[in-house]
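Below is one structure, written out as structure tokens; comments come after it.
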Amino acid sequence: MDRLQFLLLLLMSSNGFCQQGEVCSKSVIESCDDCIKSGPHCVWCQQLNFTKKGEQEAARCDTKAQLIARGCEMDNIISPQNTITIEKKDPLSTSFDQEEPVQLSPQKINLILRPGLPTTFSVSFRRVEGYPVDLYYLMDLSYSMKDDLANVQGLGKELFEALNKITKHAQIGFGAFVDKTVLPYTNTNKEKLQNPCDGNDQQCQAAFGYRHVLSMTSSENEYKEKVAKQSISGNLDSPEGSLDAMMQAAVCGDKVGWRNSSTRLIVLATDAGFHMAGDGKLAGILEPNDEQCHMENSLYTKSSDMDYPSVGQLAMQLEKNNIQPIFAVTKTVENVYKQLSSMIPKSEVGVLSSDSKNVVELIVNAYSRLSSKVTVTHDNLPDNVRVFYTPICDNSIKGNIRGVCENVLVGKKISFNVTVTADSCMENKAFIIRPLGIKDTLTVTLSTNCKCQCNDPVESSSHCTENGRGRVNCGICKCNEGYVGQFCECDRGGKDERSLRASCQRQNGTECEGQGDCVCGRCLCHTSESGKSYHGDYCECDDDHCEKFQNQLCGGNGKCNCGKCECNPGYDGSACHCKKSEESCLTINNTVCYGRGTCKCNRCECKEGYQRPLCQTCPSCPDPCSVHQITVFGFDSGPFKKNCSLACSKSLHHEMVDSIPKSSNECHQKDSQGCWINFKLDQLVGEDNYNALIQKQRDCPEPPSVIAIIGGSIASVALIGIILLMLIKLLLYMKDLKEFRKFENEKKKSKWAEADNPLFQNATTTVANPTFTGE
């Protein structure tokens, strides 16, 4: 059993079931050029009479295997291929001999690609023995680096000896940095600017941002002399202007003295972090860094005017100028610079001792790691171009956008397979491939082949009618002015082509519904995938897309015509999937679905709102009590009084009864005389057909009592009058009371003078009653 399964699996893989085959994804194809633009596996058959009458010329476009299977000969298949032309390929150098060495080959290559079809070429690289080295030592001179400066000043001899072991063509430069001389980075007090160090340190130079001290030199004595003159400086905050200094050292190549053919290294020595783009806002510096050289008298002049560069800006300029940074930092900031190094290709981080005594060993080890790691990449690519790299070496790192080989020895040749794909048509585009940190480049010029080169036979002129109405182009007819058709057989007869094509469009839509050709103003329909022809005036119909039942078109009980099933006698349904029967659709009164639906497949299909199974009820329909006006019946009133027979007789039948049976659908309606009419509606067969049972006796309200109304009105008026008089009296009383209290208060406040009236005389006559005895 296991052996049988193995043989079956082997057979499947050999037939391609386990592999993805070539696919031609066609869209709108009108010519050979359109075909080859559709996909890398699309090819064109230029064979005469390959297509049948009425068949689209797009049938000439398919995969090679499909066209051959349909009878196209190999000689008539048009399939443009990629071409690679190497225009310059100088051999790789083995050692440096004062001439420009070649470490990358080839140097120029020209590609002509078919859109979507990848091509691969090889690039070789070899490290040259004794290749020159330019090392720029960029040192942090803030006060915390005081001990380090003293050691660096004495390391000139060791540093030159170490570099001379690598190459006989070594040069060293020197630069220094602190930070921007504005608050909050540096104390701007005049005295502090001149002596920013703590205490009375006599060996302290004025604050500065970046100073170029020594251009590239091979003289050990000159290096010692210049570095010995340097002294420490200072600032306020911990992060320094490291990125400012590195940017200027990278872009001011003529002042620093970088050579064209050399390994360029910047050694950044510091014990602090760094400021980056955006930090300048703290000092009110809003102008972004412009990545240009601003150095006068060896000083960075725009330090206080421009913001710090971003990490991205610095990485781009270092790569553009083939400079590889080595970050020689203390243990406290090692992690910070490792994160920075991860964003700058071809950079290394080494840990300095507290006094920088190990800086020479650190530089040698970092250079060894940098030079033995070869990274090949590209600059900005043209639009719709993809490039992938495959390293061919002992220690490769997998990746697509870059090719990386590690532990590459001097003199050892390695290579990279470069795969280029152009996804659209283009002409004379170019991009550069380069090893990071090396000046050698490969210029790739790219064009695409989007035109078919067809070899049309001379004797084929009669193919486009015998009267020479057109010519053959890649197997199809290109008609002369005034003629159209697959073989230019149609004379437009004075009509313009636009008018002829408009007559092949239904409702201003697609010409012949995209399923035929407009020939002489009429649609010539194509053949469908099943071999049947489209039909209809506009080729709008096909007989392949009707509803299926049990995976059979029209359930096998009918035929498909223009997208709809025409069922055989005795069958019904959209897919002819059921036999005709009304058994389950009959109601108790022997009607079909109560006249409110149709019976299909022995099942009621109800009109909108009515519910199955028999379309008897309609929960969402309007209430018939409010819809039907029945007040005219029996009472000679209502809005339809004058035309009752026309408005109501067809949809509403009535019967006058003494009483109505109690039910949930009892209705009540008020007539024009204010009386309530009670009735009941029973729906008959049909959609809007009712029988009304109307109660003879109306509920009319008793007339109002005139005497009670008049008496109540008079009493109400009298009561309101009395209440108003009482309110007026109360207001007057309150006002008088307020005035009296005001008078009393003023009387208490008055003061009367006490004096005798000069005109007043006391009584002088005394009269005694003679009869008074005193008892």
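The backbone N, Cα and C atoms fix where each Cβ goes, and this holds for glycine too.
Where the annotation comes from TrEMBL, it is an automatic prediction and has not been curated.
Worth saying up front: this structure is predicted, and the values here are computed from it rather than measured.
Listed in TrEMBL:
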| type | residues | note |
| --- | --- | --- |
| DOMAIN | 31-452 | domain 'Integrin beta subunit VWA' |
| DISULFID | C35-C72 | disulfide bond |
| DISULFID | C425-C667 | disulfide bond |
| DISULFID | C450-C454 | disulfide bond |
| DISULFID | C479-C488 | disulfide bond |
| DISULFID | C520-C554 | disulfide bond |
| DISULFID | C525-C539 | disulfide bond |
| DISULFID | C560-C565 | disulfide bond |
| DISULFID | C562-C593 | disulfide bond |
| DISULFID | C599-C604 | disulfide bond |
| DISULFID | C601-C644 | disulfide bond |
| DISULFID | C606-C615 | disulfide bond |
| DISULFID | C618-C621 | disulfide bond |
| TRANSMEM | 706-732 | transmembrane segment |
| DOMAIN | 729-775 | domain 'Integrin beta subunit cytoplasmic' |
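TrEMBL feature annotations superimposed on the structure.
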residue	record	Cβ neighbours (10 Å)
C72	disulfide bond	21
C454	disulfide bond	15
C479	disulfide bond	20
C520	disulfide bond	16
C539	disulfide bond	25
C560	disulfide bond	21
C565	disulfide bond	23
C604	disulfide bond	26
C615	disulfide bond	24
C667	disulfide bond	19
- Counting Cβ neighbours within 10 Å across all chains shown, tell me which of the disulfide-bonded residues C525, C562 comes out on top. C525
- Query: Long-range same-chain neighbours of C593 (disulfide bond), Cβ under 8 Å, sequence gap at least 6?
  - Reply: C585, T587, C599, C604, E605, C606, L614, C615
- Item | Cβ neighbour count within 10 Å of C606 (disulfide bond) | 19
- Which entry in the list of disulfide-bonded residues, C425, C488, has its Cβ near the fewest other Cβ atoms, using 10 Å as the limit? C425
- Item | Spatial separation of C454 (disulfide bond) from C35 (disulfide bond) - C-alpha basis, Å | 13
- Message: I'd like the number of other C-beta atoms within 10 A of the C-beta of C450 (disulfide bond), please.
- Response: 18
- C450, C454, C479, C488 screened against C425 (disulfide bond), Cα within 10 Å - retained disulfide-bonded residues: C450
- Query: Restricting the comparison to the disulfide-bonded residues C488, C554, C560, C565, C667, which residue's C-alpha is spatially nearest the C-alpha of C539 (disulfide bond)?
  - Reply: C560
- Message: Quiz question: given the disulfide-bonded residues C35, C599, C618, C621, which has the greatest number of C-beta atoms lying within 10 angstroms of its own C-beta?
- Response: C35
- Query: Hey, of the disulfide-bonded residues listed (C554, C601), which one tops the CB count within 10 A?
  - Reply: C554
- Query: Want to know which disulfide-bonded residues, from C454, C488, C554, C601, C618, are within 10 Å of C560 (disulfide bond) at Cα; which are they?
  - Reply: C554
- Query: Which one is closest to C618 (disulfide bond) in space, judged by CA to CA distance, out of the disulfide-bonded residues C72, C450, C479, C565?
  - Reply: C565
- Query: How far is it from C450 (disulfide bond) to C525 (disulfide bond), counting Cα to Cα, in Å?
  - Reply: 30
